[in-house]
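Trainee: First, the structure itself, so that you have it in front of you.
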Amino acid sequence: MAQNVVVIGSQWGDEGKGKIVDWLAEQTSGVVRFQGGHNAGHTLVVGGRKTILRLIPSGILHEKLDCYIGSGVVVSPEALLGEIDELTAAGVKNVEGRLKIAPTATLILPYHIALDQAREASRGAQKIGTTGRGIGPAYEDKVARRAVRVVDLFDAGSLAGKVRANVELYNVQLQHLHNAPPVSFDEIMAKIEGFKARVLPMVHDVARTLYEKNARGERLLFEGAQGTLLDIDYGTYPFVTSSNCSAGAAAAGAGVPPHMLDYVLGIVKAYTTRVGSGPFPTELFDDVGAGLAERGNEFGSVTGRPRRCGWFDAAALKRSIQINGITGMCITKLDVMDGMKEIKICTGYEFEGRHTDILPFGADAVAKCTPVYETLPGWAESTFGAQSYDALPENARRYLKRIEEVCGAPVAIISTGPDREQTILLQHPFA
Ligand code: GDP
Ligand code: IMO
Ligand code: MG
């Protein structure tokens, strides 16, 4: 029986992690974000009402639940407070009181955003297609050991010196490398003064609380952001995000021992999407791809950018299953495949004159992959909102079985619509 479950994205993000975390959260005593920042956009639909979360864990709609932001997250206080205010305005109770932030988390400050955007502009056609939220520069500060961390906000003696040193460094880059306007030290300090008092009560020894909850036998849910193919090490580098978004990052990013994590639920979209630049072997440029984008409403929840769409890539999934140790898969957006005459699954690639059954590492290698497909019959019936496996058309079940066979991991949950209730449970992760 699993006490603690890690939910991760198995593809290039936007698999439907938020929906499933919200659905599973009811069974737990806390939901923890462990990496990424407000580059994430996690959509929850409850009773037809939509909520998009960026930084706040997707358990927040359960009104008694505490939500944790671990040390591995990069936190923009402005984005955080904005999100709290949006939720509060929408009637969610006591958001601020239920949100606990690790003191060692790295802050995203205005110079990170300025540099992220200036760099992308300078890269022109070579751009990564970042969300422009300052994620990469903030993680750079962390590993360069010059980050301003949450705890630093409350050390009046050292804060100004740390911010000033970074402002000087960033202004050299902004002005001289990117011909962009400098940031103002005074304005940044004024902003910090503006939000400090609201952040302070949320600062909390997250690692200790999670340790103690676990010791008491309480269940915890760890919520990944982005997806394994965007992982800084194992993704399509350099077209990746700046954190490890695979399951292993949950321990380090939340500050819990790895043996606490006993079930990895891989969220897997029934087809593939990607937003931003970078290679995507099964991408479709025809009406079939346009149909998936339209039926799946594939527009970024953070930036509104159209998502690129393609066939299900089992060879990429195989990589993801190995890296994350996926215990069970949750297949989402099955309903988007309704009405397709035939469906293709990529089972491997032609790569440098030979066949391979697994996605190679890095953008250069992935760009050389030509997918090898097998074709399955589609189904005409609607699966939208189905709540039982038996209600699915035979060919939909056949598609799911084939995914299991080729990927080598079992399907535990199937999602048939955006709403919490539009879910088929085969094997409960906490059971
Ligand atoms: P996340 O980043 O992994 O949490 O995913 P996003 O929220 O960015 O994108 C998933 C989108 O698909 C959201 O608009 C969800 O409301 C929607 N969604 C999730 N599951 C399903 C499903 O099974 N069917 C349909 N049609 N939409 C879904
Ligand atoms: P969720 O959690 C999809 C992509 C960006 C870009 C690359 C780097 O909603 O699944 P960054 O701003 O992180 O430096 O951008 O990563 N990206 C995502 N794509 N879903 C996400 O999050 C993403 N977060 C970042 O589009 O290609
Ligand atoms: Mg998303």
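Note that Cβ sites are derived from N, Cα and C of the backbone, with glycine treated the same way.
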Trainee: Name the residue, out of GLN117, GLN173, GLN226, GLN322, that TrEMBL lists for the same IMP site as ASP14, GLU15, GLY16, LYS17, ASN39, ALA40, GLY41, HIS42, THR131, ARG145, THR241, ARG305, please.
Mentor: GLN226
Trainee: Which recorded positions of ASP14, SER301, ARG307 contact ligand 3 in the sense of C-beta under 6 Å?
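Mentor: ASP14, SER301, in sequence order.
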Trainee: Which three-state DSSP class does GLN226 (IMP binding site) fall into?
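Mentor: In three-state terms, GLN226 (IMP binding site) counts as coil.
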Trainee: In whole Å, could you give the widest CA to CA gap in the IMP site formed by ASP14, GLU15, GLY16, LYS17, ASN39, ALA40, GLY41, HIS42, THR131, ARG145, GLN226, THR241, ARG305?
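Mentor: Comparing all Cα pairs, the maximum is 34 Å.
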Trainee: Quick check for you: of the recorded positions GLY13, THR43, LYS142, SER301, VAL302, PRO306, which have their Cα within 10 Å of the Cα of GLN226 (IMP binding site)?
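Mentor: Close recorded positions: GLY13.
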Trainee: Tell me the Cβ contacts of PRO306 (substrate binding site) under 8 Å, same chain only and six or more apart in sequence, or just say none.
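Mentor: Looking at Cβ-Cβ distances below 8 Å from PRO306 (substrate binding site), excluding near sequence neighbours, one finds VAL275, ALA293, GLU298, PHE299, GLY300.
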Trainee: Output: those recorded positions from GLY16, GLY41, THR131, LYS142, GLY304, ARG307 whose CB lies less than 6 Å from an atom of ligand 2, in sequence order; none if no residue fits.
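Mentor: Near the molecule: GLY41, THR131.
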